[in-house]
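To start, the structure itself, in structure tokens.
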Amino acid sequence: MSQQVIIFDTTLRDGEQALQASLSVKEKLQIALALERMGVDVMEVGFPVSSPGDFESVQTIARQVKNSRVCALARCVEKDIDVAAESLKVAEAFRIHTFIATSPMHIATKLRSTLDEVIERAIYMVKRARNYTDDVEFSCEDAGRTPIADLARVVEAAINAGATTINIPDTVGYTMPFEFAGIISGLYERVPNIDKAIISVHTHDDLGLAVGNSLAAVHAGARQVEGAMNGIGERAGNCSLEEVIMAIKVRKDILNVHTAINHQEIWRTSQLVSQICNMPIPANKAIVGSGAFAHSSGIHQDGVLKNRENYEIMTPESIGLNQIQLNLTSRSGRAAVKHRMDEMGYKESEYNLDNLYDAFLKLADKKGQVFDYDLEALAFIGKQQEEPEHFRLDYFSVQSGSNDIATAAVKLACGEEVKAEAANGNGPVDAVYQAINRITDYNVELVKYSLTAKGHGKDALGQVDIVTNYNGRRFHGVGLATDIVESSAKAMVHVLNNIWRAAEVEKELQRKTQHNENNKETV
């Protein structure tokens, strides 16, 4: 009988560590709701003790996610576990995930401790976590380089202390698949109480073996796989969840396991994570790359036309990729736009129809036909920028040529006031940015600039993603338009609004702190 493999997503915790700019609470919630819709069993959404922002993110997601178990990370430290529990207590169901290093190298050089002390600490902290929840996961950091006898001792002790899931990470992506399978098999042979916990694996891709190691572990008896959408994560990344999920589905004949994932949501979730995290998906990426279902060889094309199974082991439709793209025009009404969004699987709560339709009409007037990928791009950008704006791009004009210095004139609405400036720059985009900086007097440093075509051909939309540095903090902005300079300007305005909102939040926190201090003095 087929057994279920629990899918544990860590996109918002381990995955986010790879990003150049931290995600906002709103962006994290968007991803969390998409993961819930996809059907992940557990989502690890942050490290609450690390910052007030992470605490708020975990708490917000814990409050809103209902159908997936929400998890937070904690070191084997009392405060970590207490803060994690505090952030999670609003959840329908939650898990505390605590960890400590177990390899001789980590114990000696990082912890400056002994294996016996590590075991004692693990027991104490697992018991502390069990005071808050019956669902406690314990991880043996660097398990891949831990002698099996030592690892078995730690695992047995953690289970006796109350851990319900034991995670075996290949923290540095060092282990070969046959070795990793041997570790899992070895634990089943050596740990007498192993039947009282789920064995989980968490692999990294430093040698390109994360997915292979996870599948080898599943074949050896692991029943939870941890990973991130699109494989994002530190260094070379985490195990790509979409790859493991589809491998389990396609090769159920030899693995004899299944997941509870809604496979039709894989494509959408992957695209959303890519866009929000500003991490483009390589064309040759398995499962979700733009070339994953493309056939250029004449022999292959002929074979696919005769029978898709000749060269396709899965279909685009099996991951929710609809290859039939319909187009709308400026004559299409609101009902037609809503109907198409419904057909693509979007709920009304995921976008603002009024804003989407306004943006759709402007785009349709410019390019004539609007395709599915255009609508999705407009909906995504609208969601990112739907919060109140202090800055708004009112007008811009650029002049440049092969022998001319680029000049830009920009008019920007700043609250109730409209300001205008002109500036020169190293190209039209830089000129626009210089003019915007003059208007706002923000000393914004551009760290990263990327341009992605959304759609096909000469009428494709250009999405600009930028990462900026302002007062020691990283801010991400995104802009979308048929004109690249306009996209770039909108991305910078998005950054400015994010900076302004962050400053307003800081002012409010200071006001509350001062209010509390005044109350103490009164008492």
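Cβ from N, Cα, C; glycine included.
Record check: Swiss-Prot places His202, His204, Asn238 at the Mn(2+) site, and the matching candidate among Asp9, Asp14, Asp404, Asp430 is Asp14. Report note: the Mn(2+) site is defined by Asp14, His202, His204, Asn238, and the residues of the same chain whose CB lies within 8 Å of the CB centroid of those residues, excluding them, are Thr10, Pro169, Thr171, Thr203, Ala210, Glu226, Gly227, Ala228, Gly233, Glu234, Gly237, Cys239.
Proximity of Asp14 (Mn(2+) binding site) to non-local residues of its own chain (separation of 6 or more, Cβ distance below 8 Å) is seen for Glu44, Ala228, Gly233, Glu234, Asn238, given in sequence order.
Residues in the region 'Regulatory domain' (392-523) partition by DSSP class (helix H, G, I; strand E, B; coil) as 55 helix, 59 strand, 18 coil. Around the Cβ of Asn238 (Mn(2+) binding site), a 10 Å sphere holds 30 further Cβ atoms from the protein chains shown. DSSP assigns Asp14 (Mn(2+) binding site) to a helical segment in the three-state reduction.
The Cβ of His204 (Mn(2+) binding site) lies under 8 Å from the Cβ of Pro169, Asp170, Thr171, Val172, Gly173, Ala210, Gly233, Glu234, Arg235, Ala236, Gly237, Asn238, Cys239, each of which sits 6+ residues away along the same chain. Here His202 (Mn(2+) binding site) comes close to Thr10, Ser139, Asn167, Ile168, Pro169, Asp170, Thr171, Glu226, Gly227, Asn238, Cys239: these same-chain residues lie at least six apart in sequence, with C-beta atoms under 8 angstroms from its C-beta.
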